[in-house]
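As written in Swiss-Prot, here are the features:
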{"type": "BINDING", "residues": "G104, P105, T106, G107, C108, G109, K110, T111", "note": "ATP binding site"}
{"type": "COILED", "residues": "360-437", "note": "coiled coil"}
{"type": "COILED", "residues": "508-577", "note": "coiled coil"}
{"type": "COILED", "residues": "861-889", "note": "coiled coil"}
{"type": "COMPBIAS", "residues": "468-491", "note": "compositional bias 'Basic and acidic residues'"}
{"type": "COMPBIAS", "residues": "792-802", "note": "compositional bias 'Basic and acidic residues'"}
{"type": "COMPBIAS", "residues": "869-880", "note": "compositional bias 'Basic and acidic residues'"}
{"type": "DOMAIN", "residues": "11-346", "note": "domain 'Kinesin motor'"}
{"type": "REGION", "residues": "468-503", "note": "region 'Disordered'"}
{"type": "REGION", "residues": "662-690", "note": "region 'Disordered'"}
{"type": "REGION", "residues": "792-811", "note": "region 'Disordered'"}
{"type": "REGION", "residues": "848-890", "note": "region 'Disordered'"}
Amino acid sequence: MKDGGESKEQQLTVALRIRPINETELAEGATIIAHKVDKQMVVLMDPMEDSDDILRANRSREKSYMFDVAFDYTATQDTVYRFTTKGLIEGVISGYNATVFAYGPTGCGKTYTMLGTDWEPGIYIRTLNDLFKAIEETSDDMEYEVLMSYMEIYNEMIRDLLNPSLGYLDLREDSKGVIQVAGITEVSTINAKEIMQLLMKGNRQRTQEPTAANKTSSRSHAILQVTVRQKSRVKNITQEVRVGRLFMIDLAGSERASQTQNRGLRMKEGAHINRSLLALGNCINALSERGSNKYVNYRDSKLTRLLKDSLGGNSRTVMIAHISPASTSFEESRNTLTYADRAKNIKTRVKRNLLNVSYHIAQYTSIISDLRKEIQRLKKKIDEQGLKQIRSEKSDIRNIQAEVQLHSSTYGRHEMEQLKEQLIRAFREQMDIRRQLMEIENSSMEMQMETSRHFLITAEWEQEKTRRARKWRDEHRKETYGKDDSEKDSDTGDDQSDFIEPPEVITARETIQILEGDQNKLRRQKLELEKRFRDVRHHARRLEEALPKRISSDDQREILSLLCKVHELEIENTEMQSHALLKDNMIRQKDYMVQRFEQHRSLCDEIIQQQRRIIYDHNLTVPHQLNDLYELYFRELEEGVLDKAAVLALKDSQSCLPKIPNLTAEENLQEPDSDQESVRTFGSDNRNPIHRDSYKNLLPQILSETDSDTNKVFKTSPRARHLKNGAVVTPPPIHVNGIISKEYLPRNQINYFPDSTDSKVVLTHREKKEITTSIQSIAVKAARRRSRVLEGDRLQPMKERSNLSVHSMSESEDTVFTDQRFPSSSLHHAASEDNLSSTTGEIVAVHGGGSNHRDSPNLWHRTQKKQAQKLEKREESLEVKRRKKRSRSFEVTGQGLVRPKNHISRNRALESNSDHKIQSNTLQTNRKIMLPIAQVKLPQNQTTTVFKMAEQQEGKHQTNQPGSVKKLISTNQPPRFNYINANASGIYVKDVRVRKY
């Protein structure tokens with residue numbers, strides 16, 4: 001090594017950088033206490049300043065510090081680099097040593113300053129770029145060799161970041177006092193891209209762990225060493241080699257365990273970090289004392305041993321101190337400023353590193369060959385310059401323009417490719433971040449729904465526990481009531497029994513805690529991604545703004561603008577997907593709410609049916625207001641108001657209504673179907689169990705208000721629906737007293753389930769004949785019933801004209817009453833062949849005593865057979881007489897009564913979804929067709945053919961029932977109209993109301 005001449009004294013350069021305050025510090029209520037006054041002065045405010053302190057009343061608590069350069073939160077990475085490190089590159093190439101290190105507490109931005117990000121590179125990358133640019137500028141006269149090594153000091157152990165498989169390395173010192181790391185990997189490169197790739201590879205191997213103070217805290221000191229060897233291209237017997245070293249160090253931050261909340265390995269790492277930084281601080285204190293020969297202990301730490309030349313030896317050193325402006329970090333900021341202020345007094349002696357190489361005689365031949373190669377290179381260069389001069393003399397303006405255009409197009413194409421790559425990289429990064437945000441949002445929504453579900457479980461348990469506690473207190477109060485004081489004192493120890501939580505509640509609470517922790521993690525990840533996205537978007541916008549300045553061709557501008565538009569469309573597509581995902585989650589939550597409300601509505605239907613059954617079973621008096629509410633309830637069920645919204649909302653989900661229970665043969669005996677066709681044989685529900693199960697489990701179809709029969713609480717049997725829609729043909733309009741009853745369109749035959757067997761019912765010839773015969777007599781019986789209602793109104797006073805049951809209007813020969821209670825059945829249609837043939841004065845007597853008919857089902861079956869035989873004989877005689885005496889003006893085709901088109905029948909008995917049957921004490925007649933009666937308004941003074949025919953039929957078929965009244969209709973009485981409203985649920989006296997107008 002040759003002496004590089006006299007050494008020059010160099011003062012250590014100290015810069016200060018104040019990072020911006022973060023959201024965590026603002027959330028803690030911190031204020032800004034560090035301020036940059038000018039380019040060199042920084043003021044630190046004391047947040048604990050007390051105006052009431054008498055001893056320090058006139059003393060300022062502010063501390064001001066002067067540095068070589070100061071930066072606040074507005075300074076960019078390029079500004080920090082230009083004022084601190086850029087001036088060291090020329091000295092490194094010339095053979096001088098240089099050192100740049102970042103110092104400060106944890107979480108203050110040291111790694112950001114040294115390493116930076118992809119779109120805001122730090123000092124590492126900027127220094128290496130400028131270093132290779134300087135090498136290229138002087139490569140014509142000088143030869144260069146660049147070596148790079150990258151290491152970290154982790155827990156006082158040195159590890160190679162470029163080759164981690166080497167393990168921990170030793171620190172050695174040679175005879176000349178130069179510190180060397182034994183076995184470190186030195187990579188030789190002359191390309192900036194290669195050295196960048198090596199740098200990124202080493203950064204991925206560096207130890208980083210999150211702490212409470214910093215989520216990406218560096219747990220080691222990283223040291224990047226770049227060695228540059230420079231020698232002349234002109235060979236000689238002796239040659240001079242200049243060796244310059246550049247150290248760039250990212251120190252780990254000093255930390256307090258109370259702030260970082262470290263435990264275990266993290267605390268051990270923090271102890272080693274603080275130990276090495278303390279040794280560095282002691283070295284700074286010893287070196288900063290002027291005029292003292294105090295011993296500087298570099299051997300306390302491996303960090304100070306590596307920085308020996310940088311601090312007190314042959315090096316130009318720059319120290320960049322970092323502090324936080326928050327008041328919560330006042331102590332750490334003050335200590336950092338104190339050490340940085342002392343470091344200004346450190347001076348180093350800088351000299352150039354020169355190596356004199358003397359070649360042996362055996363190497364002379366190689367020197368001669370190298371000199372010849374250099375001569376050839378220089379001649380070739382001279383020839384190229386001569387050709388350029390000749391071309392320039394002979395060329396005209398056109399050739400010059402063509403050459404300029406060629407160079408400009410080549411440069412423009414290269415510039416465009418670079419911009420294109422940068423734009424595409426920025427766009428892809430934005431898309432990746434957006435997709436990650438969308439995935440995090442989706443996961444967060446799913447966790448919220450899962451948390452809500454578990455909260456419902458715990459809330460239900462809390463309500464149940466409160467109910468049990470209240471019940472226990474009531475029972476305890478009843479037990480202790482009446483006891484003497486001694487017994488009460490003995491019972492005070494057992495105040496309330498402990499309720500053990502079910503396993504599902506315990507699991508729900510544990511799951512809620514886990515989900516809340518996961519949600520907090522997702523929230524933090526979302527904040528980080530949003531911050532990254534803002535930075536990337538800002539970088540992309542700057543590139544888009546630079547397009548018009550850096551590109552001159554219109555075609556290239558158009559291509560890049562189209563590229564930007566494509567990216568904008570991709571971003572909009574991603575945003576639409578995100579919005580669709582959010583809406584899907586909202587719809588899922590609403591479906592869950594609708595399902596819960598549907599379950600609640602089903603429970604309310606069950607309660608209503610049970611209450612109504614209890615009222616009818618015990619013959620309780622129903623208030624008028626409650627009866628109106630029942631009518632409104634059943635009307636809404638008929639019209640589908642309550643069910644239509646639920647069907648629309650739950651058409652793609654499973655039905656939450658209670659299932660219809662499976663009935664055995666005995667249960668069918670006790671609760672026959674609401675339609676008379678279903679009572680024909682016992683246990684008819686068990687004929688096709690597959691059909692019944694599918695009928696229960698499948699969801700109802702979406703129908704109109706008039707056709708939605710399956711959505712109602714009560715519904716007709718499949719047999720009755722088939723007979724009503726298939727066998728009965730709509731007759732022509734019937735003129736009654738000038739009032740035309742409009743034709744009622746039959747309901748559409750809709751098969752609700754794919755395995756339904758309703759369409760397979762085949763009627764025999766005898767059944768069709770019986771149906772036709774029974775339907776033809778309905779009009780006559782209806783007219784006869786209305787005439788007797790009018791006669792009853794004439795004879796009875798107003799107060800006795802109470803609501804009459806439709807089922808009380810049955811003839812004595814059709815119904816046999818005994819003291820035995822018949823099996824309860826569901827609600828009947830208001831208009832049937834049985835309840836249309838009675839007189840108006842009949843009232844059904846309900847006997848509470850007697851044996852239960854459920855014990856003797858055979859007796860009930862025999863009674864029905866006898867009744868069926870009587871009905872057949874009576875209908876045959878009635879049909880013969882009716883054909884002889886009826887008027888031709890009232891011609892019925894035998895297809896049944898017509899109904900108004902706009903009439904919605906409320907008089908049909910329906911099967912319940914929530915409650916299987918509503919009990920009734922009325923006996924059903926076998927094998928009859930039941931049709932609802934529309935409201936018919938008839939004047940009492942009209943003696944039409946209908947009433948005459950009814951009177952003739954009355955004379956032939958007298959009844960012996962008590963309460964039937966026979967009286968001629970007066971023809972000179974003023975007209976008076978009666979409206980008979982038959983309710984579908986009206987199986988008792990108070991369900992049919994006769995209103996006079």
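From the backbone N, Cα and C atoms, a Cβ is placed for every residue, glycine too.
Annotation for G109 (ATP binding site): same-chain Cβ neighbours under 8 Å, separated by at least 6 residues, are R17, R19, H322.
Residue environment of G107 (ATP binding site) contains 26 other Cβ atoms, counted within 10 Å of its Cβ in all protein chains. With a 10 A radius on its CB, G104 (ATP binding site) counts 28 other CB atoms from all the protein chains. It is C108 that, of the binding-site residues P105, C108, has its Cβ surrounded by the most other Cβ atoms within 10 Å. Annotation note: P105 (ATP binding site) sits in a strand segment as assigned by DSSP. According to DSSP, T111 (ATP binding site) is assigned to a helical segment. Cβ neighbour count for K110 (ATP binding site): 27 (other Cβ atoms within 10 Å of its Cβ, all protein chains included).
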